[in-house]
Amino acid sequence: MRIATWNINSAKARQARLIEWLDRAAPDVVCLQETKLSDDAFLELFDEDLFRRGYRIAHHGDGRWNGVAILSRGSLDNVVRGLPGGPGFPGPEPRAIAATCDGIRVWSLYVPNGRTVDDPHYAYKLTWLAALRDVVVAESARGPLMTLGDFNIAPTDADVWDVAQFEGATHVTPAERSALAALVDAGLTDVLRARWPDDVVYTYWDYRQLCFPKNYGMRIDLTLATADVAERVCAVWVDRAARKGTGTSDHAPVVVDLDTAPDGDVGPMVPPPSSRGSSSRGSSGRSTSSDSLRQR
DNA sequence: ATGGCTAATGATATTAGA
């Protein structure tokens, strides 16, 4: 099973690139952030192309800013839009969506930026992360879980190209890193860093000043997983090719390949037959052993 | 090859990104 996350910085501006990337990378599950579209507008642009490729769609957006989605070629059940118990600014913003995909509870997240440490958005970011931790604690007790997306936090100084550039800035503060550590304490593993402990790996490069060619980047798009998922990881990488050329997002996708669950057991998060199909097309809402064997 | 910001908007400047 291949699961990926990508902040595409406008699904409308990235329409052709997203489809090309799906055909090239062939992910089974995709978490998107910053679609910057309403639910209706997203479907208008993508429903046909994604349906033809076998993807079901769960989108949560209200138009100009934010916007998150999950696409799945397998099951896409028990969709939740928004972060339960999370703060707004001042009202709720579309920064989180969850679905159960082939036995894994998947969250696509766009954590608030924070802007500057003295901006109200910074306190909002920390409160939002605390609410996320509560959700992770509650849901990870029930089965396999992943949180993927743009966390707007560089976990360590090794995750920015020059820490001196971030003196006093958001994304690297102890409070933000503590909020991230609380997710790790709740049982999540940063599976990219676990696989590549000593490598320079970035997922975001500013559009300005040749940052990408110089590899002046940050690793802020994270893939966190409970232990039962983390131990299935075969490979994790950043698809830098998606950042090359013109008309790209300023983020690159992060891709995670998972081995089949032991004995085809996809875990207890799979809903019973009575709650199937509330959010998806097609007939297969429940994963079975044979489904698992069909996964790449 | 990867090139000196980009996208959306009640646009012609502003907000937001990080």
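Each Cβ is built from the backbone N, Cα and C atoms, and glycine gets one as well.
As recorded in TrEMBL, the features of this protein are as follows:
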- A:N7, A:E34, A:D150, A:N152, A:D250, A:H251: Mg(2+) binding site (BINDING)
- A:N152: site 'Transition state stabilizer' (SITE)
- A:246-296: region 'Disordered' (REGION)
- A:H251: site 'Interaction with DNA substrate' (SITE)
- A:H251: active site, proton acceptor (ACT_SITE)
Fewest other C-beta atoms within 10 angstroms, as judged across A:E34, A:D150, A:D250, which are the binding-site residues: A:D250
Chain-internal residues, separated by at least six, CB under 8 A from A:H251 (Mg(2+) binding site): A:W6, A:N7, A:I8, A:N9, A:D150, A:T203, A:Y204, A:D221, A:R243
Additional residues around Mg(2+), ordered along the sequence, whose Cβ is within 8 Å of the centroid of A:N7, A:E34, A:D150, A:N152, A:D250, A:H251: A:N9, A:Q33, A:Y110, A:Y204, A:I220, A:D221, A:S249
Reduced DSSP assignment, A:H251 (Mg(2+) binding site): strand
All-chain count of other Cβ atoms within 10 Å of A:N7 (Mg(2+) binding site): 24
Nonlocal neighbours by CB distance (under 8 Å) for A:N152 (Mg(2+) binding site), same chain, sequence gap 6 or more: A:V111, A:P112, A:N113, A:G114, A:K125, A:T170, A:H171, A:E176, A:I220
